[in-house]
Amino acid sequence: MKKNISLLSASMFVNMGIGLIMPITTLYIHQDLGKSLVTSSYVLMAFSIFMVVGNLLGAQLFDRWHPKLTSFLGEGIVIPSMLLLTFFPTWPLYVLLLVLYSLGLGILNSSINGYIAYRQKNDSNLFTTAYWLANLGMGVSTFLSGILFSINIKSVFLGAFLLFFMTFVMTLVFIPNIKIQHQPKEMNQQTPFKKSRKNLFSLTTLCLILIVIWIGYEQWNSNISVYMLSKNNSVQQYSFLFTISTIEIVFFQPVLNRFFRNTFKNEKIRMLIGILLFGASYLSIFEAESYWRFVLGITLLSIGDMLALTTTPALLNRFATDYNRASIQSIGGTAASLGRAIGPLIGGAVVTFTNFALGFVLMALLHAVIAVLGMFLQKPNT
């Protein structure tokens, strides 16, 4: 684990940078720049699209070109974007720089995930540790984001700039390059995923699982806030749920890890339990009138998070070879981004045309269906 400290630190710094920027994006566009919420949603959609493009591009560059230079490319886009935003956070330059930031962030994320996927061969708990540190960093930076934003928006961008600059220094000094044995040309012409093609069903299933999980997860970030306020809960009570979630993940994830060995069967069981707990979190707030029901819901969600979302990268890595580890991880990242992008839209449509109660039931059923599909997940061919 000690030899991976630099890599894990870089991963945490990247997530802290994300945690500083994202919570205040809609607020800044709407409140400070005076744009409509519709305009904000279009900006966030562009952010998601360019991050997916960066994610896919970064994975291909990592696997086919040069891992360390791919990291530098992502950092070379992100760092100047944050520095310029620190001095010029004005419309419409803000949108251009935010989109450039998302493109660089996608490339950098793919590179970091590619490194973790390679190192995971010698440290089976690396994905879990990286996810734990990411949650810790995200929780701290989300808390700091509100404080810095109350000072001024430039403080937020300056903080993100410093975090990504620290990531660059960490990459430059402490993270060595990986020498990748590239595929022969005839293999490249067959498929970019080599043996994983035989496991198309399992890879597709894992992607569908990630899409469904994030469609549901986004309800907690959007529609459930409206639902809670309609039940006479305050904005502070809603925000405190995520503080509870961060604390639960930071303290209990290391404990949960002790109950599961790193085998395909155990990882599959762990993921399925997590999916069912995600579904149960929506049933727990069905017709909820008391705040403790929402605390129960976020707790079930957090345990599901700890079980399922820490396991899917490890499962995906089982279908990869040394030729394509970053590319395989990028498939999962793209699926998660798709779920995040369409989650609020689907949830909003269901609530608009039906009601919250039916929406929560449908969300639970969707998770149950995807869990049944996950039962047929097959061990990768060797």
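Even glycines carry a Cβ here, placed using N, Cα and C.
Caution: TrEMBL annotation is automatic and unverified by curators.
Worth saying up front: this structure is predicted, and the values here are computed from it rather than measured.
Here TrEMBL flags 152-382 as domain 'Major facilitator superfamily (MFS) profile'. According to TrEMBL, the feature transmembrane segment maps to 12-30, 42-62, 69-88, 94-118, 130-151, 157-178, 199-217, 237-257, 269-285, 291-316, 356-377.
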Handout entry: For the transmembrane segment (199-217), distant same-chain residues with Cβ under 8 A (at least six beyond the ends)
Key = 193, 271, 275, 278-279, 281-282, 301, 304-305, 308-309, 312, 315-316, 319, 328, 331-332, 334-336, 338-340, 342-343, 346-347, 363, 366-367, 370, 373-374, 376-378, 380-381
Exercise for the section: Test the contact criterion for the transmembrane segment (237-257) and the transmembrane segment (356-377): 3 or more CB pairs under 8 Å, pairs 6 or more apart in sequence, then answer yes or no. Expected result: no
Completion exercise
In the same chain, residues at least 6 away from the ends of the transmembrane segment (130-151) whose Cβ sits under 8 Å of its Cβ atoms read 8-9, 11-13, 15-21, 23-24, 27-28, 116, 159, 163, 242-243, 246-247, 249-250, 253-254, 309-310, 313
Completion exercise
Under 8 Å Cβ-Cβ from the transmembrane segment (69-88), and at least six residues away from its ends along the same chain, one finds 17, 54, 58, 61-62, 94, 97-98, 100-101, 103-112, 114-115, 154, 157-158, 160-161, 164-165, 167-168, 171-172, 175
